[in-house]
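Presented below is the structure to which this report refers.
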Amino acid sequence: MGSDETKSTLDTERSTVPRTGTTTKSCSITQVVLRFVLFAATLTSIVVMVTSKQTKNIFIPGTPIRIPAAKFTNSPALIYFVVALSVACFYSIVSTFVTVSAFKKHSCSAILLLNLAIMDAVMVGIVASATGAGGGVAYLGLKGNKEVRWGKICNIYDKFCRHVGGAIAVSLFASVILLLLSIISVLSLYKKIR
């Protein structure tokens, strides 16, 4: 009779304890998918920015004048943008493999989750600052600055400005993905140590 009570007590405890395996698995699938989307977004933004070169000829009566080409290497802020997104792209590859291998082993340590949470937060800062720097240059190119007599260039280099704007928009999307990853990493760490 004592064994029947023990069985019913164990069955009751099993039914009241939440299953953490399903939440961990869904969390890992979400992380892997978001890290892959992050890779695609950062790579797309890099490619769009690097291919943003445009040259123009201005025709003055009598002779055409070739003005300098507009390319991302003309601005230190856009160079920083490309480098920062390259770092984030590389990080997304490494973190995807680490996440997949950790969850395949079914042993995701608290140290690994802490490292992912810290690195995700660092990457949010890097990508957000690069997006802001690139956005500032793009805004100056679009509107100019009358106070210091910087003319707008997007009326001349329209294709270049569209590329820069597209790269910055995709980078902003990557920043949001990184923010979501950072939140998920912290929640996973919280569930692990709780």
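Backbone N, Cα and C define each Cβ position, glycine as well.
Swiss-Prot lists 1-16 with the feature compositional bias 'Basic and acidic residues'.
Taken from Swiss-Prot, the feature region 'Disordered' covers 1-23.
Among the features that Swiss-Prot reports, topological domain 'Cytoplasmic' is placed at 1-31 (among others).
Under the heading topological domain 'Cytoplasmic', Swiss-Prot lists 99-109 (among others), citing sequence analysis as support.
What Swiss-Prot lists as topological domain 'Cytoplasmic' is 185-194 (among others).
What Swiss-Prot lists as transmembrane segment is 32-52 (among others).
As annotated by Swiss-Prot, transmembrane segment applies to 78-98 (among others), with the evidence given as sequence analysis. Within the same chain, residues 32, 35-36, 38-39, 42-43, 45-46, 49-50, 72, 112, 116, 119-120, 123, 126-127, 129-131, 133-134, 137, 164, 167-168, 171, 174, 178 sit at least 6 positions outside the transmembrane segment (78-98) and bring their C-beta atoms closer than 8 Å to a C-beta of that stretch.
Here the transmembrane segment (110-130) has long-range neighbours at 42, 80-81, 83-85, 87-88, 91, 95, 98-99, 102, 171, 174-175, 178-179, 181-182, 185-186, 188-189, 192-193, meaning same-chain residues at least 6 beyond its ends whose C-beta is under 8 angstroms from one of its own. Feature annotation from Swiss-Prot assigns transmembrane segment to 110-130 (among others).
Taken from Swiss-Prot, the feature transmembrane segment applies to 164-184 (among others). Beyond the ends of the transmembrane segment (164-184), by six or more residues, the same chain brings 27, 30-31, 34-35, 37-38, 41-42, 44-46, 48-49, 52, 72, 78, 81, 85, 88, 117, 120-121, 123-124, 127-128, 130-131, 134-135, 137-138, 141 to within a C-beta distance below 8 angstroms of the stretch.
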